[in-house]
Structure formats: C-alpha cells, structure tokens
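Asker: My questions all concern the structure below.
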Amino acid sequence: MFSALQKRIFSSHPGPIDGNGTGSARGNSLVTPEKISLPEKIPAEVVDQAANEELPNEAAQDGVTQAEAITLSWTKTSLGAAYILMWLLYFVNAFQSSITGNLSAYVTSGVGFVGMIFSVDVITADTSTLRDRGLAYAFTSSPYIITAFAGSKASEGFYDYNWRWAFGCFAIILPAVALPMFGLLRFNRNKAKKNGLLQKRERSGRTLVQSVVFYLIEFDILGVFLLAAGLVLFLLPFTLAGSAADSWRSGYIIAMLVLGIAALIAFVVTERFVAPVPFLPWEILVSRTVLGACLLDFCYQIAYYCWSDYYTSYLQVVYGTSISTAGYISSIFDVVSGVWLLGVGFLIKKTGRFRWLLLWSVPLYMLGVGLMIYFRKPGWSLGYSIMCQIFIALGGGTMIICQQVAVLAAADHNNVASVLALLGVFGYMGGAVGSSISGAIWTHTLPGALKRLLPESAKADWQTIYDSLDVQLSYERGTAVRHAIALAYAEAQSRMLIAGTAIMALSLGWMFLIRDIKLTKEVQTKGVLF
C-alpha cells in the first residue's frame, strides 16, 4: 500500500529524495522519473565500519553523520564540557523528580523531562566508545547520589513556602543548563562544516505533498502509531482496574487489554512485512541479545515495583521509622547503585565484556528480595532490611548498566536511539505491571488480614485503619492494635515480595539469551570520545 502510494505521488519527481541527494537517510537508492524505490536499510557493516576513520559516514542517517562530524571536530575540552553539562542536566532531572514526586499529591500536572533525558542518553552513546559506554552512563547518572537525600528536604521547604515554585524554579533552571549544551553542539557542528566534514544540504525539489508523504513513510508513522496505541491500551487497564466496579472483569478493561495486545502484534507484523522503512530493523528487533536485555528489564521492573510502592509506609508501620528515615532507607538504591555503577563501568572497560556481571548480579538481586521475605516480620532488626536494600542496589544497578550496554552492542550506530527507546518501553511496561500487581495484592490482602488479626475491640474500625496511614501510626508501638497492623502489613509485603521473586526467576533464563559480545571488537563511533 505504501509503495504504491509513494510511487504515484513521486512519479513525476526527478530529483533526489533527500536533502543531500544521496537517497534516504537510511539508504542510497537512486531516484529516476520512471521509478521511485523506497530507501533500503544500510547494513551495519557499511554504517559502522566506514573505511575512512577521519571522515563522518555519509551513508548513515543524517543525525548520525552530524554526530560523527561533531566528535571529529571538537577537542577534549569540548568533550569534557559536554559531559559536565550532561551531568548537570541529569542533576536537574533527578532533583526535580525528587521534589515534584514528593509534591505529586498536591498537583495534577507532570514535568516533561523524559524526552530530555532520553536525548542525553543518545548523546552519551554518540560521544563514547562502546567499551567506555557503561562508565559514561554511570557518570551521567551519578547525580542521583546527591538528590536521593537533598530532594526530600528541598520539597519540604517548597511546600512550606509555595509548592508552585517547585515547578516554577525549574522553568528557569532548565533553560540555564540546557542552552549551553545546545550552544556547544551547534558551535562544533558549525566547526565541522567549516572543516569540510559536513556538506551543505541541497534542496530536495519535492512539493509539500511529496515531502509529507515521504516523511510519513521515512518516520514509519504507521508502526509508531500501532506501538503507541498498543502501549496505551495495554498499560491503561493496570491503572484503571483498581477503581473499576468489577475490577479486571469489567468489559472495557478486557476490551482495552485485547485491543492493546492486538495493536502490539500488528506493530510486529507491520515492521516485518509492511513498513518500507521500519522503526527498527527486523534483525535487531529479533536479536537474541536485544530480546534478552528487554525481557530482563521487563522482569526486573515488575519485580521491583511489586513491593517498592508500599515500602516506605511498611517501614513506618512495622519498624516505627519517621517519614524522613523511611525516605532515606528507600533511597539506598539511588545512593549505593550510583556509586557502584562507576565501578561496574570500570570493570566493563577493563574486561571488554559485560555478561559476566549479569551472571552474578541477577542472583544477587533475587537474594536481596528473597531475604526481605524472611526479615519482613516485626521483631527483626531494621539493619537486616537495610542489608537487603544494599544487595538489591548492587544487583539492580549492575543490571541496568549491562542492559543498556547489551542493546547498544547488538545494534549499529544508526539504531542507537531506537534500541534505547525499545529498552525503555519494556521497562515502562514492567513498571506498570509491577505496580498493578502490588496494588492488587494490597487491596486483596490487607483488609482480610486486619479483620483477622485486629483485637475484638478494634475489629469494627478495620476500614478506617485500612484507609489511613495516619490512623495506623496513631496507635502506639507495643499495643495490641499496632502489632496487629504490623503483622497485616508484613503479610501483604510478604506476598508482594514472593510475587517479585517468582517473576525475577525468569531472568535466570533471559540473561543467557544475551550474547557475550566482545566490546573492544565493535567500533561504532569516531573522533574525540569518552
């Protein structure tokens, strides 16, 4: 359908079909008045192993060509400045997410930082060697070490003064941090043009209608629509089912799930058989390394969100911690993993391999979650729970870096953004599923446990106790009511942790799908790199 439509619209157009007259940004098809052929995907060996290492690869996508021209033109000073600015962008994102997350109960809007951080991750990949990429990602994400504790204090100050400024200040801070990064990239892009590394783009000669159709096909608008619609329809029920009258038996919940799964299947079929320029090349989409990393991230996110949503309230009720102490304990992951990731990046750099890290990090993560099942009940020292959080941080942080390096090692430079997006999609899906599982366990476990465990004098108040954390904490520790509430919490937390551990067990298989790629043999980028 797309081929016939493009042929009909472009049949009278004799000029080149892209800006520099070399064919598609993804191919080198010649265009004649008699025949318009859709651009073909450039093989990885053409894109990644260009003969001249001193020139950008003109056969690659335009964005990849520009990235290579920039890294071939800039100095070590520019590289260092870029990474400092990317670190600051991550710092702003980590700080705002911590503050606005703590204030989310008082606002209904969100802050659109996801796209910015995704762009920073792509730039990090463009400006680092594959061997050093884990270390580069560890550096740019290290601000979470600082904001894990500072964010909570700052949010309290904003809330006491004026919570609107928690959002308003970032409207000032973000441009102040992002503009220098934008200016640095533009400056080095212009420098590359002056050095002759980037050729001036010629006008394509297409009409407006021809350009619209060309870019609809080039950007795989059908595939993107099916993927987006499928994800929305699949993930939305996990949020709505809890408030639906018949929960998962509601007709519209079932309909959305069915349509979502159908749309995702249609996306795969479209990418394989229909899309002239696929969102992601089929051989990458079905790569065992990419598939294994994505499934590992999916299970990891499910396992984490199966229990983490209710963890801070669990600490307050069962261990009697303050709100701030509970927040600090739940932030152990950010602090420990932030420091440990630098070590993981260094180990990947020295060995040139990453899979060996997965072989111990997945079992270590499962050990941490499994031990929490044992130490969940009142009476155990809080130190055991902290120990489990450290195990989870070491294992989980290692998995995060290895997943990113794995998908990037399996793809060529042309498809860096696509594979990172695919990995992110699996992660978001896993998080949504995990939160839904924890919510379902909570609503189906805690009420029954309270009715069964509360002393006779408080059984009539079970609904009030269930609905309010403040009411739960109002009972003094050591009283029969508070002990019953703590046991009910422990029972719910136990089921959440068991679910997370069971799902994480699948990862023992997924990690062996990932090939043990030798990173020192793969060359993706050129120039002055991290």
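Just so it is clear, glycine is given a Cβ too, placed from its N, Cα and C backbone atoms.
Here TrEMBL flags 11-30 as region 'Disordered'. What TrEMBL lists as transmembrane segment is 80-99, 105-123, 163-187, 208-238, 250-270, 282-305, 325-348, 357-375, 381-407, 419-442, 496-514.
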Asker: Can you tell me which of 163-187, 208-238, 282-305, 357-375 gets the most C-beta pairs within less than 8 Å of the transmembrane segment (496-514)?
Answerer: 282-305
Asker: Please determine whether the transmembrane segment (419-442) and the transmembrane segment (208-238) are in contact (criterion: at least three Cβ-Cβ distances under 8 Å, sequence separation 6 or more).
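Answerer: Taking Cβ pairs at least 6 residues apart, the transmembrane segment (208-238) and the transmembrane segment (419-442) are in contact, with 3 or more under 8 Å.
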Asker: At least three Cβ pairs under 8 Å linking the transmembrane segment (357-375) and the transmembrane segment (250-270), pairs spaced 6 or more in sequence?
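Answerer: The answer is no, given that the two segments have fewer than 3 Cβ pairs within the 8 Å cut-off.
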Asker: Taking the transmembrane segment (381-407) as reference, which of 208-238, 250-270, 282-305, 325-348 has the most Cβ pairs under 8 angstroms?
Answerer: 325-348
Asker: For the transmembrane segment (325-348), could you work out the same-chain residues 6 or more beyond its ends whose Cβ comes under 8 Å from its Cβ atoms?
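Answerer: Hits for the transmembrane segment (325-348): 131-132, 134-139, 141-145, 147-149, 152, 308, 311-313, 315-316, 354, 357, 382, 385-386, 389-390, 392-394, 396-398, 400-402, 405, 519.
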